[in-house]
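Copied over from TrEMBL, here are the features:
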{"type": "TRANSMEM", "residues": "18-37", "note": "transmembrane segment"}
{"type": "TRANSMEM", "residues": "49-73", "note": "transmembrane segment"}
{"type": "TRANSMEM", "residues": "199-221", "note": "transmembrane segment"}
{"type": "TRANSMEM", "residues": "227-246", "note": "transmembrane segment"}
{"type": "TRANSMEM", "residues": "253-272", "note": "transmembrane segment"}
{"type": "TRANSMEM", "residues": "284-301", "note": "transmembrane segment"}
{"type": "TRANSMEM", "residues": "308-328", "note": "transmembrane segment"}
{"type": "TRANSMEM", "residues": "334-354", "note": "transmembrane segment"}
{"type": "TRANSMEM", "residues": "423-441", "note": "transmembrane segment"}
{"type": "TRANSMEM", "residues": "453-471", "note": "transmembrane segment"}
{"type": "TRANSMEM", "residues": "511-532", "note": "transmembrane segment"}
{"type": "TRANSMEM", "residues": "538-561", "note": "transmembrane segment"}
{"type": "DOMAIN", "residues": "593-788", "note": "domain 'YrdC-like'"}
Amino acid sequence: GSLLLAVHFYSSARAAPLIPSTALGVLLLLVSALLAYAGIRRSLRSASLLVALCLTLSALWSGYGVILILAGQGALPGPGDARDALVPGLATFTLGLLLLAVVGFLCGEPLLGLVAAAMSLASAHEVAQHCSSSLGPSAVACAHLSVCLLGGYFALGRILRLLTKGSLALPGTELTEKKAQEQGRGSAGGTNPFTAPGLLLNMLSASVFCCRLLGVTHRLFLGHVPWLWAAGTFQIGICVLSYRAMDALMATAFGFTSILKFAAGYCLLYPAWQPKEPSLPTPFLVVFSILFAVLALFLSLQSPVDGLYLLVFVAYCIALACSPRGFFAGGPQGMAVAIFVSSALVALIHLYNVRARAKIPTGKGAVKALLARSSLLKLREGPDLHAPYLGYSKYADAEVLTYACSVLASFALTASGDPQAPLATVVIPWLVVAGGILKLLGGSVAFARGKTLESSAFILYSVMWIIWGLTRYSGLCGTARSFHAAVGIISFMLFNSFIVFCSLFLNTAWFFYSLTFMLIAVSFLLDAIHALPTGYDIAATLIFGLVSFYCFLAALASSTFEGCCLPMGRPMVQLSGVGAGTSKCLHLPARKASSVKRIADILRNGGTCGIPTDTVYVLVAACSRPDAVERAHRSKRQAQDRPMSLWISSLKQLEPARHLFTPLLWDFMEAAWPSPISLVIPRGEWVDFLGMKDSAKYVGTPQSVAIRIPDCSVTTHLIDLVGPIVVTSANPTGEADTTHHNQVYAKLGDKVDAVLCAGPSPENIASTVVDCTKIDSGNIGFFRVGIIPKSQV
């Protein structure tokens, strides 16, 4: 990327630049996409300043690239337009990259610090070139060339390290993997590595208005939109990554700030085709400030510094609400200066805390000490803080953001606007970004967490907000309404009726949430057929907004405090076997030794459990409990041609009966296990050595028994605690294998007492079953060829 810019500036004095602006912009967009990918992939392994550096440079070059494309296509015709468009972003990244450089030098990553410092110097040179004619483009090109040389050195060091498997590495290119592992990863409950890039993006959007207030740029216009929308787009991405890092509150905060960036970009884009400035709906901004304040209160319990930081956005929303000119007024631009300064300070704290051993205190310890004295409020902490009900997810819960977006979208509808100029009122960003894109994001995260009904509702509502927002508030349907729009709305209402019915089995709050959205859909329908009573749409949106606000508060409280502070209510209808999300069946995380011990206690007491293995999930019972084995046999509706098998944890359990096995069979068992290979061997007196008693009649056939040692540490540890277990697949006979703990209870219901949850199965194919009844004659057969092929057996 720097090489492209170096060539561009060296040749800029020529009549025909070597790389045209449009081509350079497209190339920078491609490079920025690769940089973002590199940063995200790096973040999955360990917390490093490389993550922040990649994402920051990616945001810089994406905005820069779009501005170059606009300039190349003649969209910035004025003599100073290109300068006014570029300076705010370049000034921001000069400071942001300088912060990265300082932290890199302080925290033992000098080469990354040098790259960031060189890039900061290049941006500073370019700002100076735009502001003073005494500095030529060659100085900017030299600075970019130094970035290119440093990047080449870093890349060469990493390539050598990869090719020599770590035996050869150039100084400064190690990235300190061991230190990162010692300090803990951001995704494991430590510092979120994506917070700092998100804060730098807040600086980027604020600098656009700071420069106008301070007179650095002459006006706000189309050339600033790429910076604002690049910052908003990247913040939505950082919102998703923060959910991946299990930081739900900061993810919600970045979702909120991205909405403001898209709205600001819309306001600057509107005068490009209309002579006047757009107006902002005051009620919406007041509600937005309230949501920011509530989020700041809860975030201050996690990090008081971040909570105080969000209060600046509360003041920003109030300033926007009080200014008829919105983003063009001096008051909001003054608050943008406060956002710029506070974002820089908080970003420096987060950058330092990601890598440093001695952290800068953020006040979390003081809050914990204060709440420890309270008997009413107790913070939720620990590795299971964001664990869903069924025990497995790569994402934190996004319901807080989704309910907040419902509030914002509903109050945005209270703006009536001018029917002759619908775009003059800023409603589309609130509806499309908040009600549509972010709600779609929340629905996707809910789906990833196994919340099928909630995700279906969120995705349906997001589609409704996007379609209706664009149709009604962008003037697509004009002053005349369409019969076809009414038919589409009726279809949405039918879908929502199904969601309302299903929410009866979830909880009371969700029933009212889906029911009040029906009021919104009805107002859309009445508007489409010219039958909307005066004030009905305002009343419907207010009711839905208030219900959504309660759900927002309840989700925040339940994710922050232990116990139910604001109840969502019980299911309004409960059916036997449905469970309504509150089954009696325990779901325990497999990564905990205490969970395995608890499953062992249940098995010893005569229970049946679903457990993970080296292949698919299985239903097990202890051999020492014939009643449990019989219950497992009945719950499975076991077919006579699919007998239950026997599992042990080690051949030592069969050692007392070794004389009953032929040497060839014993050697084959030693060679084959542990593995996903079940051996069907002749039934004999050896069965009695395992203490099966009356359970033996349910295992195998009168002539043979299938036996296996699984290649799964959790399963073998459980067998060590319980003794030999009887095993069958965790699904009714004839159905597909069970490959996730969610499916165990879904298929077997209350017939299973507990499920050990380990997420998706490592394999989707069951074990290979080998017939060893005639092995001594030199013959083996196959009842089933599973994960292990015949050739390997």
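Cβ atoms here come from the backbone N, Cα and C positions, even for glycine.
Sequence-distant contacts of the transmembrane segment (284-301) (same chain, at least 6 residues past either end, Cβ-Cβ under 8 Å): 249-250, 252-253, 256, 259, 307-311, 313-314, 317-318, 320-321, 363, 367, 371, 379, 400, 404, 407-408, 411-412, 414-415, 430, 545, 552-553, 556-557, 560. Among residues of the same chain six or more beyond the transmembrane segment (511-532), those with a C-beta under 8 A of the stretch's C-beta atoms are 406, 410, 413, 457, 461, 464, 468, 472, 481-483, 485-486, 489-490, 492-493, 496-497, 499-500, 503-504, 540-541, 543-544, 547-548, 551, 569, 572. With a cut-off of 8 Å on Cβ pairs spaced 6 or more residues apart, the transmembrane segment (253-272) and the transmembrane segment (49-73) reach fewer than 3 such pairs and are scored as not touching. By the Cβ criterion (distance under 8 Å, sequence gap of 6 or more), the transmembrane segment (227-246) is not counted as touching the transmembrane segment (334-354), fewer than 3 such pairs being found. The largest share of C-beta pairs under 8 angstroms with the transmembrane segment (308-328) comes from 334-354, of the ranges 18-37, 334-354, 538-561. Averaged over the domain 'YrdC-like' (593-788), the predicted model has a pLDDT of 85.
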